[in-house]
Structures are given as structure tokens and as C-alpha cells.
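Notes to accompany the following structure.
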């Protein structure tokens, strides 16, 4: 028999057999004697677990020798879970080939940029361009799909694990050949490649395809266009591996397929492209433990995941119940923090909350990673909170399938990040991630829900588009933003944007030339600041009277082409020069911010921008995070109080967790979450 | 003829032919024309030198071509020394094979973890697993033993030099094969290896021995059990090299054999095992020049050396008269500091004080290392102090053979350090060396003499056992500590102890499970602090009223199993939770400290612990270091005043250095040392 | 026809065909379509450009396949420039061989010290010892020389580019063989090499030449004499490459030859030797943008360039109009800064001011480097300033050929720097560059013009010689300084000087033994300070009453051999000991400074030294930099005001830039430059 999908939106594939919120985690029964399995399943039921991911690192057990398969233990685990009503997210184990694979095919081992061949004894796939790896991955995937493709326990296919991590780029000869083929397909002629890579610079012109190589370590800085193309190629090669496995699955199974992204953390894959390839988007997210505002980073990651899923509900495939093990200082989560984290993800679109991992592993590199069932066992705080969360999620079944809507979009483009992160940029202090996070945090504090979007997406549905860091911006993207503003949109662009085109080349017309129609400015010269140096931004025009704002890292010498000056530099390298501009263009307005204000410094600026966009801050207490999911008949207001004091929220409806009803105002206790069903 | 041993304890082998304290250093006559040798020997006699180490780096001169030997110059040096009554510590030169060796056997060169083959032109032995190296080392050693094994000048064999430095681990194919053989001997079956290494994690299971490799650089973190075993293997391979040379010596000589350890500094060798293999323990010690309390580090190293020697007198084989040359800032010693350093070593059990080196070398990598005879010659402060020290040591001949006794033991386990130093631990700020040094310094300031001990040693002779950092603790060690406490001992355990077993695996029962009987607590969860974060430890119970103690780096969430709470956290991640516990168990007590107090912060805690143990601080001035050596008929009180002001010491006896006699109180001038013979 | 040299000193070769100051920059027409070239030349004329450097990175275009040449585009560019009266500095393109070269001769790729083979896709020459590289470089150079060696457009040959950058040392087998040959020529016998390298230390003695290798990564620190010789060898190999190309040019051309040095920045080449090989010295100089006193670094570089040119006028071949692109933070120059920079170079002897580069490149690794024609085009501030500077330089034609004279010399020796920069020196905080810059800055602030000199140069023409950091000092240099002082000179030597001889060996007699005659002191022991530690230097004798001076990093324990004590240490490791000494010797005086005073702390010391030397500070405002060039009939006073306020200068003459005349006093406006012609 084949299991049937259940979904609030019948056209949207979803985890088979689950009507409510998915709950569970990675489960590694192969690390334990079988007598432990019964206890695992019993405790899973106690915790309300309804979905576990298995088999992710099991290749060496499933295929102990090349072509010899042993599925007995996996059969038994799946049957046990099925018998207990726990659904299975079945992994393909290709993120970690066995020892025999690398021994038999030693040239598939990953070669790093310095030429070091990486050995066995950790985790990590082979060179993604290796035909031997791809064949072996398809073979084990096919075996699994044939055996379990119609098994009633299986709710989802979990292909591979975190593509792009822990390493992605490979500098072997195999990759060099594959890179050449990819380049030939991209450019057609060597002249086109020479032009795009600017090989006239430093005498790099190629006379034959055979001389084109991967960007190895070189005596000085390597051609940036070559490195950018190598990043694109690497993303493509990884995606080819995924597609090959997915097709191997689909040949024998109609069960939906996912692979777990690391949306905000893995720089190697372009999820705008990847999300089109999966049936269900899923994501792994881990807090930066020492970040005092790590919950804002979490919200960003959740919004980004929902955005690459194009608004459809998604699965939080992995997060942690408490500490992780790979950061410099792995702080444990404090009581209630895991629940706040989980429900923030849910508020921002997740319909499943899973953890790495079910039971803490006693051995290996991740023994200090927290789990649903810690080393300290069922008497622990963490397990108690896990049981509580499971019970809470069962009450939230009605939320399943509802959607988040945003009036604001932030531009996000992995290709731009790849380019900006190369060497020899004007200042080591200027980072795209820091800038995006700063603008995002400002919007978070102002209570405005945000989508992320690609610069060439249709943006017309948003009242406000923010481009904190669009270093690489194509001419097409420039036209898109022009059209967006002319059509009535409000656009804010941060400094060092529109600097290069798709080839990492400065446009004819200079910096920001493609943004000139929308913004009415171009950039004559970058003027980075010294380490730690601050400048003062003095507001003028409509913002006259506002207190000056300190900014750092960066300033720019602007050329006005119609924009009005909203702020000037009071000091620094460009005293008196424009710092922030506003351009009335068509039906909309385009703002440009030529420096790096802090999150606080962005407040007066964005307040004025909101006015242009017809938006208003929520006015809620600073620590109260509120997101609304829109269902078919009800809305669900998810309110997370990150503060220690109770906070008031305007709401009329019923808290699904406590059953309390509110008419007008709900009090959210310190550290607590409410999910209030509100009639439409 | 064969020289006869002289020893206060006739069963203890000692440097042949010396009745008093050995004094001298490394001597490198091969760096100088022979006309300088006569001056050397004359000045050695002026300085009271009675023992020099020669031949340590002379392989290329002794065997200029493979199998061709030239001992003429060495004959002449030895005869000259012998004629002048200076005894010889004869080195085997195997720490630095000649150029021809590496050119003839290039695959014996050390390969580092990234695969780089290390070249010639420095110092350092070959891959310790290389059969060619071992054969060549045994051959030159055999030649030396045959020629000099009964020479009356030779007082001691100095095999090799500082095993484990400058490099120890080798990642060649030769080592991989040797590692596999060692693993087969250790585990017997591949199943046992797979179980111990936890290869079910991340899909690392091995199906054949041939696929097991040395822990090369890998895409993510390498299996920690594999790395721990590789550290054990490396230690074993080095020790095999030593044993092979020692046996080659013993085939032709009855003169005692040593090799110079670096007890507190070389992490690669497990001296608990090595000390069993040598006739006489010797040690090299160098101050950390910028450490304002470097004399405490010196005391620790001396106590550790005596402890691995199981209390027998040992030789300080190398230290420096003034600056070394390999630290970032090589501070010169101040007047009197060399004597204080030397006599501290003597006070803590050394019966010989030697230096690297006799005469400062004009050429090569260590030309800026100080010497007994500096570049500035005999008119220098350093040479004057060297002559004075030689005269002083002659007066201390009666001390020879006396023993130090300690009531306190600190646990020290190289295997645990190897394991803890691997990647992905909960906090980069928590280090075993820092913790051991903090507890040691507290005991030093309290005037309590300390032994070091292995966690599985018989500890019943100590009133107090301190385990500041026992990350790896076997079940056997846990039982040992249980028995120690139950039998009446007092135990103090520092945080992050008992975390893993011998396989770097978390015990069933969780963190500190093996310590639960002795301590009455286990650890539910680690809660590391942010960088620089401090918490306040509030004393309660018996310590109520004591000022709160700041602590840093680390806290833990404890589960009490009978222990009483002695202090709680006033703030931080675990406000109100237990910070320090005390467990009455059998006839003794077990204390647990779940955080990292500073040396000062440990004072109130250890004061309470001493009370349990029936110990008391010495009450002496803070800068006055006092250790007692126990002879057959007299004791020798070595009092080192590290302060500028004179300090008073209760003593009745005669200062061997000055001849002064004291009845009740001796005044130790600032910066000076007294060695007072006290009747038993 | 052959162009004729024009020169104020007819015996001095100069850029052909230019009577005034050269002005222009690197020009890369191959990066642009030919239709842009006409605009380039038009704008060059607008800017007063009269010299451009072309072809520097054009090998891949000029020789697209091995032995196949294409000069068509170069012919057209040269003809276009010539038709517009812009003279050509024609590059040989050998700093960046084509892709086909490295593909055909893969073993010519540079191997770094860790054994990594550096790939293609950046810039950088092949291994300089490679016969294949040398043959290919001579072939393309010969082709160029044959074709353009008599072309009337060509004013100068620009061989290669920045020899020694971006990499210089090569660790291939080819280099190892060449190194052995070079060593055989240097030492004659293996015994001599073993003696010079001190191979008796650490057992490194060589029995056959075949075992001598390049200084690869080794287990511990590599033999310093070996590394020093390898630096000498690398410099020699690079110079052989230059000479081979120069001779290829001279076989077909009488036009003068240069190669662009990086005098103050490239540590790999010994310009005292290189300057003898070129017809005209040229230099590239880039500000350290974050250095608040970067103009002092510029002045130092200019003085150094003039000094290696032995006083002859030189060309500033490259600097930047504004930001560079390869520093951590590439600050843009502020208005007027480019002109001040340019005219400071001119004041210190440059007769040509050129930039990297004419037109900003849109693609490649240096797209963020400023240019004469920026991305923002002709409307930009930078282009306006470029046009202004071109006009100003035309007015300065009379300055051409005049000479700078200095009363003070600072010793500068690349061999000493190579030696001092090796590992295991007494303190990582002590750097020769910092010390030289500190003394230089003091002299700059005191208005004294400085030459640089080699320690073995004839110094008798200088009133004062300063040796801030002469770590390596040969016995010959010691005798030279002895003779200089005895003959009436004043010498100031900074700490850690005279430490080793040409073999990095401590002299017999100890530290500073070779300086003892001149200074009357030697150094018994180095006493480096802790990180951040400061000591107080108390003045005595003639300087008694002067406020104490703080100093840092370093102190020394001195032995007086006739010198008087001028200052003592008030604290630190050597309280009461001599800190600064003065030695009356023959007709002169020798000062020794055993610590590191700051620039300000050097003021009282150098004031006393000036008195000995018969010198006096200029007494001009602190921010007013003044240098005088001496012409045949007039002098030219170049006054650069680095301050914001106007400053007064004693002067009688005519400002060549403004035509203003002054009698007695000229006011230099803030940020401005005057060049005042003064009658002799």
C-alpha cells in the first residue's frame, strides 16, 4: 500500500500520515544495542514524538562491502516504529560513504585548496563531481527506494544531509575536468570566458580550454570571476548529486522528498535554486550560543527558510534541545528557551519541530551535543521540557498548513555573498551578514514581519524592500528594482551595493550605476574608515531635528542624480557630504544609506521609510515577538515573550496551549509563549 | 674496570662515582676547536662542575657515512674530562640523525598531519615506527656501548634527547601500518575496535583492518577515540625506540641509563610508563619567562618529576642559567634567580643540577640561549653566579639521597590530557593545565608539599587527594577513589571530571557516574560561560559567612545523590543551584567543585577541605617556599625566599651553605636560600 | 633613428625625450576595446601625461602560443601614443607568464615552503632558477627589443615588474640544485659551508654536497645561516633573471633600462646590489593607509630610493591617486593628499611621478584600486586633481636633475633584515622596521634630511650616522664605523646591533664586539621586557635635569669599555644600570642606546647628539616638511604643509607653482605645497 498525503493545502506535498505538527528528531538506533530500542520507542511515545529521521549515517552498515547489502536491522527498526505509530523520515546515507568506498576509490577523496587530500575517520561526502561517488550514491539510494519506497511507515525521504557541509569545494583533477565542462556549457566559447573573467588583467588569457583550472592557491590573489564561477559550479555539482538521488527515489516511490538545508549558515548552496528541487523544504538551525540576541538570528533563519519555500509550510528538521558541541563555548539553553525557540520557528511557518537528536550519543565527535533524551536520562530538565513541548505541539494541530504573510522583503542572494566574500575588498570590516542582520533586527524590534527575496524576484507585493548588502547586482536586478520603485514601492539600499555585475565586474557607469534610476545617486568613491573609527550622521530635510546617529566601518562619496539629501556626514573623511538620500521616483521612493548605522541608529531612518511605505511599527514591548499565521478560517497569533516580565498583547481569541480566552488583551508571562487562535 | 654505584639507598641506581650533588651541563666540544677544550675543563673545575653530558647531537660526526665510524675526537674529550675528574653522561645521538640518513632513507622523514614531509636542517628524529631508523639507532648505540660501556669516565648513559620533542606524531604509511598492528594487539578483533571507537557514529564502521588509518586531516572533526589511540600508539612507538637503545646499551654496559624527560612540558609521552623503563629519572625544565609566578610552575614540574620517579632522587638534566631562546619574549633571569631555581629543584628531590649548556654556542638556532659560560665570558654576572652555585652545591653533599614526603596528591594523567585536548569540547576556555596549576598554586601558597599520582595508584598514604581536571577517568579509577574516600581519605574533584572513560565515551549513567559513590553527585548538564563572564559562588552550610567567591569559565547543573551543598551560584546560568558539594562517605569525605575559582577563590574552600583532611596551612610568609627532605639521620629544610624582604622560618639546626646555626627561628634574607640540616 | 638622452647631468642616463618632470602611469589598453584608446589619449593630454608604462602583463597576448607572436595591437598603441607626444615606458611581460607556459612546463611553478605548488590564475613569475623560465623570458624580451629597440616612441625599458613580489623564494628541486651550485661558488669547500652554517650544532654536518637542500619546513627551527644564505641566493637568482633580460634588451637597444623597485616594502631584494644593474632607478610606493603618519613612511621610502640610486634623480614609477585595494582597510586619500604625496617624492629626488594606473580596470583582482581616471570618470574629484597635478608638474621642469644633499645617514642593510627576521630571536616585539622608522621620524620632525647607507659604505661625508637596527654587522662594517667615528663622525647605534656576523654567528667577544672601538661598550646580556612593559630612562651627566624618558620592549646589560653613562634605568630588570652611553673616540663620538624609546623619547637624546655633530633642528612648524634640491644654478625648496593651518617658512625666491615671490618668509597654506626657486 501507499500512504496518502495529508495537507491543509491539498496541492502542497507534506509529510505522509501526519495531521498535526510533526515532532521528533534524528534517531540513531545503530549506536545502541537492540534492547535499548524498546525503551526509546516507549519514551518517544511519552514525549509525543510522531516522526523520526533514521539511516542518515548508516551506509557502512547497510552496504558493509561494495554491492553487499544488509537491511535486517533497518527493517526491524522501521517495523518497531511503525508498530508504535511513529512515522519515519528515511535518510539516504550518502553524506558519509564507508571506509571501503574511499579505500577502493581513493581519488574520490576531497582535495582542499592547498592540495591536501582529506582522509577518512570523520564525516563528509566524496568529491561531488566524482562519477564513482555518484554511481555508488545512486546504487544505495535505489536499494533503499526499492525496499522501502512503498512501506507504510515511511512518511518522507531525507536525501543526504546538509549538502555543502562540512566541505563543499574540491580541487582535484576530477573537479577540474568537470569545471571545464561546466564552463564550456556556461560560456560556449573561450573568448566569452576570457571576457567574463577579465583575463586581460595580469596576463591570464587562455588559449585553450585545457589550461583552465580550478582556482588553486596562487602566488597572489586569484581571479575573482574564476572563483565566483567555481562557487557556482560547486553548488551545481552538489545539486546534481541531489537530483540523481531524488530521481533514484522517485523511480520506486511517491513519498515526498526533502533534504535538510542550513539556510542561514551554509554558504555553499544557493537555496533559491535548491528549493525548486525538493517536495518539502526542511531546515537545520542552531543558535549562536554566545550571541545575546540569538533569538533574532533564529527568527531570521526561519523567515529565510519560509521564503525559499515560497511561503509554504516547512519542517524544522534539526535544532538543539540545549547546547551544541561545535562552537567555541557551547552554552546550555536556559529553562523555557527550547520551547520559545521551537514556537518561534512554528510562528514563522514551521509545521514540524525536530531535533538533532533523540538520544545523546555516548561516543564520537558529538557526544557533547544535547538531545531530547540526555545522558542524564529521563529525570533531567531537558527531558521534562521535551515531554512538555510534545504535549503543547499536539494542541497546535490546527495551526498546520496556515501561512505567514509579510509586507517587507529583504534581498538575499547567495551569489552576491560568494562574490563579496572573496579577497581584496575595500574593507575587511564590512560584511553582508552583519548588515543584513542589523536591518533585520531593526525590523524585528519594530514588529514587522519580513520575507526574504532574490533581487530579480517579483517584488510588487511588498510595501517595502530592503537591500542591506547587494554587492553583486545584475543589470536585470537593477531594472527590477527600478520598476518596483516606479510602480509605487519603497526601497532602501545599504552601502556597497550594486558594486559589481554577475562577473564581479564594475559596471560601465561605475558603482551603483544599475541602481541610479531607482535611487537617483551613484557612488563616486568608497571611503572606508579606520578600525574602530566612528562618524556622525546628521539628519536634515524631513529628518531635521533628529538626534545625530553614529555609524562606523564605511562611508561613500556620492553623486546625486535627483535624490534629495536626508542626512550628511558631520565629520569623518567626507564632512558635509551626503550620507543618506531619498529619491522620489515614479510612484515610489528609493532610499540610499552610504554608511553602516547600528541597529539603534537605523531607528529614525526606518521610521521615515515606514512612513513612505505606509507601514507602522507594532508598538509592542521590545521583548515581545509576535507573528501571525493565516489559516483557512482562523489566524494564529504566536507571541513569544523573550523578557522576564509579563507583556501585554492586543488579542481576542483562545490560547491553544492553555485554553484561556482573551477579549482585547492577552498577558504573556515572562519567558512564555501564547498561540492565540483568532477568528478571521 | 667498572665504576661502582654510590647511593644513599644502595638499592637505587645512581650516577656512578658521585657522592655529592651532581653539577654541570650539556657540553658540545664538537662546536669548538680543540684548543678551547682545555679552557673549558679548567673553567669547569673552577665552577665545581663534576658531570657533563656529551655526544647528544653528534651522530653526523661519529658516523660520517653509513657504517663508517669516527670516535677519535670523542675518545679525546672523554679522556680529557676523566683526567680532570669530571664525570661523563654519555649521550646516544639518535635524536638527530645525519643528513645521509634521511637522504638514504627519505621515507623515514616525519610526515605531519597535513601530509607535509618535514625536511632536514634542524633537529628531530625520524618517524619512530620506521624500521630503518630503529636499526640505525641501535647500530650507533651498540657501537658506543661496545666502545665506552666499561670506560671509567662514564657515569651515566643519556639515551636520545627529549623523546616526543620537537615532533612526535607521524602520519606516513609506515606509521599507518604500525598503528594497525598496535590496534590489532590492543583490540584483538575489529568488532572490538569498532565498539571502542564508536564507529556507528557518522558511518565510520570498518569492515577490514586494512582500511584503518592514522587520523589524517578530515573534512570535519576526526573520531576522538581514534585520535586518542593514536596518541597512545605514538607514546608506545617512542618508548619502543628507547627500549631498543637501552637494551643495546645493556648488552655491553652496566652503567645506569636515563633519558631526559620534559615532565611538565612535553605532552606526547606518558611518563608514568616511561619512568619504569629508566634506571634514573632525569628532567629538563625551563621557566615560562613571562609568568610572574614562574617559580610555582617550576615547583610543580619538580614535584611531578619526583612523583614519576616514585619518590627516588632524580637529576635536573637541563635548565637555564638565564634566558632561553624559543619563547616569544626571553626574559633574562635576575640576580639570584638561577640559584633559587636550582635549590628549589634540589629541595623537591633533585640530586643533580645541570644546565643546557656549558658554553654558549656561537652559531645555530640556539645562540641566544644562555649558558654556564656566556658569550660575555668569565667576567659576566652569570658565570660568577655559576661558580658560586657550584661551591654551594658542594656543601650540600649530605642532602644526597634524602627523600621528600607529601601528605597531598594531585591526580595527573597524560591519557586524560590527550583526550581533553581534542576538538569540540564544551568550552575552549577550560583547560586541564590551568586548573591543575590553580589548585597547585593554592597548595603552594598554603605551604603544603604535593605529590602527583595516577588516578589508579594506591592513594591510601595521602591525607588529601585533589583531582582538578580528570576528564578521562576509568571505571577502575572511580572505584579506586571510592575506596580511598571510604577508607578515610579526603578527595576534592574539580569540574569536568569523570566525563569520559578510556574510549572517550560518556559512561552509562552520564557525566561523573564513576565518581558518584565517592562524591554523592553527578552532573546533569554542563553550562559553560560566555567569554570573560564571571559568576558569584555563595558559601553556605559550614562555610556560611565566608565572602562570596568569583569564578569563571564554567558551571554545571548537578544532581545530588547524598552530598550536602556547600556553596550555590548567586547568579549566572544556574542561580540558586549547587556550586560546591561535600559528601560524607565511609570514613572520609568527597568534595566536588563544579566551577573554576581563581587561586584566591580556592582559599576558603581548601581551608575547609584541609580541616576534613587533618591538614593545616604552614602559616609561613607568602613568598617563603619551604620543602623538607628526609635523610637517614637528619632532615634538610630548603627555604627559598622569593620576596625582597627577609622572612622568618621556625628552624633549629645548621645552614649547610653558611654554617650558621639556628635555635627556633631562622631569618631568610630576601632573594636567598637556606638549607638547614635538622636533626631527626 | 635613436632617441637622445636629455639630462641635467649628461653622464646620467635618463628617460629619453623628456626635459621636464615625467608624469603618467601604467596603461593597460589591452583591457579595453580599441575605441576607448582614443579617449584615453585625449584625456592623457588633458591631464598633461607625457609617459606611460605599457605591456607589463601582456605576455599572453604577445605570445599567445609558444613561439607565436602577435605585436599588432602593441604597434597600434605605441603609434597612437607617439602620434600624441606621449612617451612610452615599454614593459617586458615576464612577471606573469601565460597559461600555456605553466601548462607546458609545470615544474616551473613556484613551490612554497610547505611544499604546495602554486597554481595559475593570479600573477607571479615562475621559479626564478628555472632554465625554461629564463629561456622563455629572454625570448619574449628579445622579440620586443628587436621590434621596438629603436622605436622613437620608446623612452625607457621597464623590465619585469616588482621583482620579489608577490613571491620570491621557491622550494622546488630545481631551486635546490641551483642553491647547491650557488653555495659551491660561495664557499668552495663543504668544510667551509659546514663551518659557516655551524652544522656541528644539532648534528647537521654535511658529508656531501648532494645532501644540502633548500630550507624546507623542518621539525624544529631551521638552521638560520642556511636560511640567510637561501635569502641571498633568492635575491641573486632574481637578479640573474633581470640581468638576462637587460642584456637581451641591450643587444638591440640603447634606450635606458629600469625595473620598478619597492624600496621600502619588498624584503626579498637587496637594492644596494640591484641599483648598480639598472640605468635609472625607479620605485613603487604605496601608503599604509591606516597609519596616521603615513607621509613619514612615504618620505622614508623616497629617501631610501634616492639613496640606492646614489643620489641620482629617480622615477616614482607607481603610487596611487587614492585608495589601494590590498590593505585591510583601503582608505581613500583626502583632497590635496595626492599632490602632497607626489611633491614630497619630487622634493626627495623623484623627477617623475607616475601612478598605477591610468584607467581603473573594471575586472580582476584590482578593480578597487584607484586610478588617474576612476570608475566615476572625468567628473570625479580624483580626475580633477590629476589634471591639476599635471599642470603643476609642467611648471616644475626646472627642478629636473637637481640633487638632494643630506648631513645624516641611517644605516640600512637588507641582509641584516633577512637575518633578524628569522625565528627564535630574544623578543618578538623588537623589529628593525619599527626602530628605523622611530629614529627616522624623530629626524623628520627635527627637519633634518636623511640619506640611507650601507654599513660598509664610505660615511665620511656625513656629520651624523644613525644605526637604529644593525643586527647583522660584519667585522668590516665595525671597522668602518670605528674609522668614521675616529675621523670625527658622530654615530648613534640602537639596541640589538652588532649581534651577529655575516653567518648569523655571534662574534668572538660577544654581542657588539665589533662596535666596541667606536662605542666603548659591549653587551653582556639582553634583557627583553614583558609584553607592554615599560621602563624609565633617567638622564644623567650632560643630560641631567632632562625629564625621564619611558621606553619599552627591550633593555640590555652593558659592559663599559671607556664610554660614559648618559642615562640609567630607573626601574625594570636592570635598575641603576647604564641605558645610554657616549664614547669620545678619536675626533668623534659614539652613542649607544640599549633600549627602545618612542619617537618623542628620542627627542632629548638626539638633541644632545646633534650638538656633538654640529647639527641643529630646523625649528620649523611640526607639520611643515621641507626638503631642498640643489640645481646647477638654483636651489628648489619643496615645502609640504601636512597641517590644516598655514605655516611660515624662511625663504627668498619664487614659487614655481604660483609665481609668487617671497623675500624672507613664505606662508604655506594648510594642506598646500610650495616649490620655491632660490638663487644659489
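Each residue, glycine too, has its Cβ placed from N, Cα and C.
Note that the structure is a prediction, hence the values are computed from the model and not measured.
Features as listed in TrEMBL:
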- B:26-396: domain 'Glycoside hydrolase family 42 N-terminal' (DOMAIN)
- B:123, B:161, B:326: substrate binding site (BINDING)
- B:162: active site, proton donor (ACT_SITE)
- B:318: active site, nucleophile (ACT_SITE)
- B:406-615: domain 'Beta-galactosidase trimerisation' (DOMAIN)
- B:624-676: domain 'Beta-galactosidase C-terminal' (DOMAIN)
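Features per TrEMBL, on structure.
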residue	record	Cβ contacts under 8 Å, 6 or more apart
B:123	substrate binding site	B:57, B:95, B:96, B:166
B:161	substrate binding site	B:56, B:57, B:91, B:95, B:96, B:259, B:260
B:162	active site, proton donor	B:95, B:260, B:261, B:262, B:266, B:284
B:318	active site, nucleophile	B:25, B:26, B:260, B:284, B:285, B:286, B:354, B:355, B:356
B:326	substrate binding site	B:366, B:369
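Taking DSSP states H, G and I as helix and E and B as strand, the domain 'Beta-galactosidase C-terminal' (B:624-676) has 0 helix, 36 strand, 17 coil. The secondary structure of residue B:318 (active site, nucleophile), as reduced to three states from DSSP, is extended strand.
The subset of binding-site residues B:123, B:161, B:326 lying near chain C, with Cβ atoms under 8 Å apart, consists of B:123, B:326. In the three-state DSSP scheme, residue B:123 (substrate binding site) is classed as coil.
Taken together, the residues of the domain 'Beta-galactosidase C-terminal' (B:624-676) have an average pLDDT of 97. In the three-state DSSP reading, residue B:326 (substrate binding site) counts as coil. Once the Cα atoms of B:123, B:161, B:326, the listed binders of substrate, are compared pairwise, the greatest separation found is 17 Å.
Residue B:162 (active site, proton donor) falls outside any helix or strand according to DSSP and counts as coil.
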